[in-house]
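Swiss-Prot annotations:
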- 1-181: domain 'KARI N-terminal Rossmann' (DOMAIN)
- TYR24, GLY25, SER26, GLN27, ARG47, SER50, SER52, ASP82, GLN83, THR84, GLN85, GLY133: NADP(+) binding site (BINDING)
- HIS107: active site (ACT_SITE)
- 182-327: domain 'KARI C-terminal knotted' (DOMAIN)
- ASP190, GLU226, GLU230: Mg(2+) 2 binding site (BINDING)
- ASP190, GLU194: Mg(2+) 1 binding site (BINDING)
- SER251: substrate binding site (BINDING)
Amino acid sequence: MNVYYEQDADLGRLQGKNIAVLGYGSQGHAHALNLKDSGMNVCVGLRPDSSSCAKAREAGLRVEPVADAVKWADIVMVLLPDQTQKAVYEAEIAPNMVAGNTLAFGHGFNIHYNQIVPPADVDVIMIAPKSPGHLVRRTYTEGNGVPCLIAVHQDATGEAKKTALAWAKGIGGTKAGVIETNFKDETETDLFGEQAVLCGGSAELIKAGFETLVEAGYPEELAYFECMHELKLIVDLYYEGGLSRMNYSVSDTAEYGGMTRGPRLITSAVKAEMKKVLEEVQDGRFAREFIDECNGGYKNLNRLREENSGHAIEKVGAKLRNMMSWLVRK
């Protein structure tokens, strides 16, 4: 894969351009503020009734309704929730873009699954920091950055990649490294990771471990500590140095037990199911299911949220976290 750094990107590609960042959430605020501090002409596009309007203005940013921001801009970055992007695009973005504009995304979902089909005369790019927005902002203010992905879906002007690299540099990404990919690979790996490991697989593993201990007669408090609370300690080791760092850092007892018992839990049958999950991402079944869920008022999602919030691990966890001074919110 191609990896780019500071010397490979030219901020001059953005200078003199009008830049609209749509959304002011985790990623939106980081992109807008970092680009502003890099000397760019930035406007944030929001609904007039959005609670984020005041926050953005207090941070020194210009704020306009989405349609006005798009009409003014040469480059439009869409950092809105996946499920709202299509409607906003059709009502407020598409009617106000002109030939030669750049349409940018932080995630490839709507382009890859054809929910948004831009006209052929605009550039379509992606700049996706591989960190939450607060870290994108913090590392930038410290003079550093986080790794980013870039991709070009459509290059009408012949300059799309240069624009993507310049944007990545403007938010600090080239100080860490910018990896070139494509919308398909970014979207499919991102969704699979969320479903099979990060949000789906890990949550179910935690609940199954907790339930196993409680059903065997152990106190819920101990089960919580062993299966939920201490997971952060292990994940931090993975994050810092991979699997080897974790194995080096834990006791020999833990290392041996993990290496000999772990494969009994994550079996070939589990991997086979992971492949099915990946197939549903690849062929669009998950995307269609999620879109139908959104259009249907989130009935299934709301039911699942309620079921999860009522799980015993949530109740005992809330009680135990109140004992942890570093977690208690004032």
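Cβ coordinates come from backbone N, Cα and C, glycine included.
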* Asked: Which one of the binding-site residues (ASP190, GLU194, GLU226, GLU230) has its C-beta surrounded by the most other C-beta atoms within 10 angstroms?
  -> ASP190
* By CA distance, which of the recorded positions (SER26, ARG47, HIS107, SER251) lies nearest to GLU226 (Mg(2+) 2 binding site)? -> SER251
* Nearest to ARG47 (NADP(+) binding site) in three-dimensional space, by Cα, is which of the recorded positions HIS107, ASP190, GLU194, GLU230, SER251? -> HIS107
* Based on Cβ atoms within 10 Å, give me the single least packed residue among the binding-site residues SER26, SER52, GLN83, GLN85, SER251. => SER251
* To do: Determine, using Cα-Cα distances only, which of these recorded positions is closest to GLU194 (Mg(2+) 1 binding site): SER26, SER52, GLN83, HIS107, SER251.
  => HIS107
* Asked: Where does TYR24 (NADP(+) binding site) sit in DSSP terms: helix, strand, or coil?
  -> coil
* **Spatial separation of SER26 (NADP(+) binding site) from HIS107 (active site) - C-alpha basis, Å** => 13
* Asked: How far apart, in angstrom, are the most distant Cα atoms among the NADP(+)-binding residues TYR24, GLY25, SER26, GLN27, ARG47, SER50, SER52, ASP82, GLN83, THR84, GLN85, GLY133?
  -> 20
